[in-house]
Every structure is written in C-alpha cells, then in structure tokens.
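The domain 'Kinesin motor' annotation in TrEMBL covers 14-339. Annotated ATP binding site per TrEMBL: G97, Q98, T99, G100, T101, G102, K103, T104, in sequence order. Per TrEMBL, the feature coiled coil maps to 346-529.
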Amino acid sequence: MANLKVDAQAEVENVRVFVRVRPLTKKEEAEGHQHILLIDTKENLIALNRDGSSPKPFKFDQVFPEDATQLTLYRVIAVPIVEKSLQGYNGTIFAYGQTGTGKTYTMAGNYTKPDLKGIIPNTFSHIFSQISRASGETSFVVTVTYLEIYNEEVRDLLSADPNKKLAIRERPDVGVYVKDLMGFTVDSIESITELLNRGNKNRVTRSTLMNDVSSRSHAIFTITIESKNRSNNKTTVGKLNLVDLAGSERASRTQATGERLREASNINLSLSVLGNVISALVDGKSSHIPYRNSKLTRLLQDSLGGNSKTAMIAMVSPADIDYEESMCTLRYAARVKHIQNHARINVEHKGLIEGFEHEIAELQEKIHQLSLQEQKQPLIKKKKDKASSQARAEELRKCEEELQKTEKEKSDLMQKISMIQKKILVGGENLFEKAQHQAFLIESSGAEIENLDKNHQQLEETLTKKGQERIDVEEKYSSLQEEDAGVTKKIKKVQSYLNEVKEEYADKEHEYQREMEALLDNNRLLVRETQLACLMIDSHIPKEYLKKIEANLIWNSETQEYQMRGVAYTGNNMRKRQSAHSEFFTPIKFEMKAVYHKYPEKKRERRTIYDKRSFSAVPKAR
Ligand SMILES: Nc1ncnc2c1ncn2[C@@H]1O[C@H](COP(=O)(O)OP(=O)(O)OP(=O)(O)O)[C@@H](O)[C@H]1O
C-alpha cells in the first residue's frame, strides 16, 4: 500500500508459539508404533518419552492434544490476531512441522464441514461478522492475494497463469512486495471462499510415502482489511498472512529421487534459512539477519522480528518413529518464542476506499451532465416542429436515438457505480447472517474459555498463597539435616542441567546434520545442472564465441541472473524496435546473422577448434 505511515507507539511482544499434536494414524497403529508424547495441558508442557528416562519438557503458550477441536484452536490462536488486523495491525499465523503432521488440516481443514473448518475459512466468517457489527460510520474494503513458493519460485495461485514466476521487489514506501501479484476485492464469505478454492486447486501437491496429499510448496493467503472511519477520517490497513509451510522431511525416509528430491531439498533449504533467521533474531548478537537468503524469509520479514502480531503453530506427530523430527520441531519452536516483534497500527493517507469514493463522485458527475443534456432534448424537438414534416420526422428519429444513447450511457455508469459501491462494505449492514452464526459459535466457546481462565486464575492464586505459607513454615526448621538435603538437591539440579545441555548438544548436532543434508542435496543438483550446461556449451558453441559471450556477461543483482550486455539491441528485440519506430530510426547497417550464426561449415572442423573445459570455470547463468 502506498503512503503507509505508522502510528506513534508500537506494541512490543514475543511471537506466541503453540503446539498441536495430531492423532496416531491408522497406518502407524497397524505398524505397532508407540505414542511417546507426555502432555501437561495445565502447565502447557510437552515432552518426548522414548526410552522411559525422565525427558526434558518444553513449555509453550499452549499445547493442544490430539482431541483439541478446530474451533478451540481458532479461538485461542486466531481470534486475538484477527481482531488486531481489523484494528489495522499486521498479523501472521503460520503452521510449521514435519510432513504429514497436520499443517494443512489446521490452516485449511475441511471447509465443507463446519466443525472441521481450519483457521483460514474461520477467519472469513469472523471478519465479515465483525464488519456487520461495526458502526455505520466505518467503511471497509477487504482484498485477498494467494501465492505459493515452489522450488524457490513465487507463483500467483489466483492468476489465470499460475505457473508464471513472479519477482520479489522492495520499495522504501511499500516494503517488500511481489510484483504483478493479483489482489481481489471480496464482499462476502462466498466470494472469499471461492478464491481460496481456486487457489488450492492450483497448489502443487503430491502423494508421498509419508502423506497421501502432501503440499510441496509454502502457501501464503493474505487478507488485507482497510477501514475508514468517517467521523475522524482515519484510514487503517491491517494485513493478515495465513501461512501453510511445506513439511520438512528427510530424503532417507521419503526415498525421494529426481524432481521430488529437488522439491524436498528446496523445502529443507528454505526451512533451514528460516531457522537461521530465527537464530540470528534470538541470539541478539547478529547485526545482519539473513532474510534475503530465501523467498520465504523475505516475504515473512515483517512477521519475524518486525511489524506484526505473529503466532506459530508447531505440528508434531505422537509416534515413536518420528522422535527425531518431533524433537527438532519442538526445539525450533522453543527458539521462536524468544523473537520480539514491534506491531503498530498502519495508518493510510490515500487508501483504496478514498480512491473508490473519488471514482464514484466522478461517475456521478458524469451522470449529472448526461441528465442535463437529456433535459435539453425537448427544446430541440419543439424547434424542429416548425420545419417541414419530412425533415421533422428525420430530426425526431435522431433525437430519439440520441436519447436512447444517453439513457444507455447513464445506466452503464450507474452499473459501474453499484459495482464499486459493492466493494465498499459499510459497518452495521446486516448482510452476513451466516457469518454471525459462526461468530456466535466462536463467541460462545470464548465465554466458556473465559470462565475456565477465571477458575484457573483463582486456583493459581490459591496455589501461590499455599506455596508462600509452606515456605514460611520451612524457613522455621533450619537444621543440618535440611542443609544436607539442600546440597543434595543442588547437586541433582546441576546434574539435570548437565543432562539438558548434553541433550541440547545432541539436538543441535542433529539439526546441523539435517542442514548439511539439504545443502548437499542442493549442491548435487547444482553440479548436475552445471555439468549439463558445460556439455551443451562444449558441443554447440565455438571457443572464440564463448570468449565473447563470457566477456559480455554481467551479473544483475536485482534479478539474480546473468545477462548479456547489449542484449536489448539484438535479434527480435531490434526487429520489434525497428518496426515500432521505423519512421524515426534508420535501420542498422550490419548483418546480425554474421555475428551470431557464423559457425564453421563441417562438424570435424568445428571439433578441432573446441577445447575441453572444466565445468568449474563456467559461471552458472540461469
Ligand atoms: N488433528 C488432526 N485430527 C485428525 N486428523 C488429522 C489431524 N491432523 C492431521 N490429520 C490428518 O493427517 C493427514 C496429514 O495432514 P496434512 O495433510 O494436514 O499434513 P501436512 O502437515 O500439511 O503435510 P505436508 O507437509 O506433507 O503437506 C491428513 O489426512 C489429515 O486429515
């Protein structure tokens, strides 16, 4: 959005991190895999208990066990963020985890069944319901974009050509954005659901050994809510990113080869970069955060350490066979908890609403002019009455035609106005009964949880009181025996701390291994691609031309590609320019073919002038 300015004070808060455990699958049960998770929902602790030894628990904002409903998750995780987005804050909710752990189930779910709807479709009802309850002073415009990052390429899932690669750009006034990404204005739950369906059909999924319908891309569904309050003329813009990441997986477990190995290594690589960004943000010592190392981290730059209210949902499998991956996910999530964001209300000075209102005023003025023209028509008719009857008939016919044309123009303009007006949603208009019904469900379970929270708070207060009393009593009995017990306790604490550090070390080593695997996979692919390129160069391009090409190659850091110097003045480009401006330019005198297509006649002759090249000497031009 242009002219984005920021309100005075930012709200500083950590990224909220939640864990959701999916049930054991039928396949896991049939293969005899054990459930190894220990969950304490009161204390929000979770631990992996593989060998029976006392495992290290991780603490999060909330841990959702297997039987947690979609609506519970929505209420706890999404409601606060969506409410803030309606007020003009940026919000992000992203699901992270190993493949097949329920990221898509949590974010999208099954939206044909109300209780299985995931976070994304539930936000639709929530947003439209809140708009219908807002005061009539406030107008809203809701727009949607939907993109995926597949093999490090950005694609528009709502475009007629979803395979087209889009570029990421950055501007000081706008920030990071995707060039040519299509935004759609929506005015109802039906229209926004239709867009979600359309995008999902274009998303890349495959059946893998670990998930029948596995998402092979990172998908970002963005809802932008602009609202304008007419009493103070203030416009705010809240952007809500709903992110379903592709699942991390080990090549050894999925047995992927070829294209699938390429997908998997790209997924692992971008998740590794995400991990590096998180580490850099958390350790606080790095002056440089490597956002630019992957498309995913570039697009989520504001969500991690920036201007956004962010929640992460870490998905884990309960099965013993997934111990390593679940451990990695929990460790990853535990680090994210320490990321601090600075969210503020985005205030817009020339928003979409103002643009639409301006357009409506212009169209209304045109209609007014046409009406004035119409009023003059009878006068013309009267004048013509005095003329001869044949001429009068002809003039009358012309007048009628003119009138009809004006009427048509007016009705077209009115239609245009009503289309624009439909895009502006006025608060308080009771258009969204379905949305209200859904909101009622959310609210009623919200009230339930509020009661539970109150009880929980009371219990906590009693516990703290009792704890204090116990401390007072214990302080009265200081004896040698107690001192001894104290020292033993300390030793035990140090011992358990030592064990924790050892475990952490092992985890880190495992994570490092995973990163190495991803890098090696990627490296193998790059070597293969380079060898192929060299082979093609050796077989088809004579040495002297190769030198010319190398001398004219320049690296374009904007597009991250090699480009030929002066390529705009060659071949078809030149021809296009010449035909477009032939009257202004004199044609180029020399014959381009002579420069670009002068190859030696015979094959054998050609072979003698080539020499063998080492592939490492050739830069990889994409
Ligand atoms: N909480 C849950 N309750 C019931 N079924 C679940 C739950 N979570 C996941 N599932 C089921 O597990 C399977 C895998 O889920 P899903 O496709 O959402 O995984 P994913 O993490 O998105 O995988 P990938 O990364 O491969 O796309 C699906 O059949 C889904 O219905």
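Keep in mind that glycine also has a Cβ here, set from the backbone N, Cα and C atoms.
Residue environment of G97 (ATP binding site) contains 29 other Cβ atoms, counted within 10 Å of its Cβ in all protein chains. Taking Q98, G100, T104 as the candidate binding-site residues, the subset whose CB lies under 6 angstroms from any atom of ligand 1 consists of G100, T104.
Ranking the binding-site residues T99, T101 by the number of CB atoms within 10 A of their own CB puts T101 at the top.
For K103 (ATP binding site), the number of other Cβ atoms no farther than 10 Å from its own Cβ, over all displayed protein chains, is 28.
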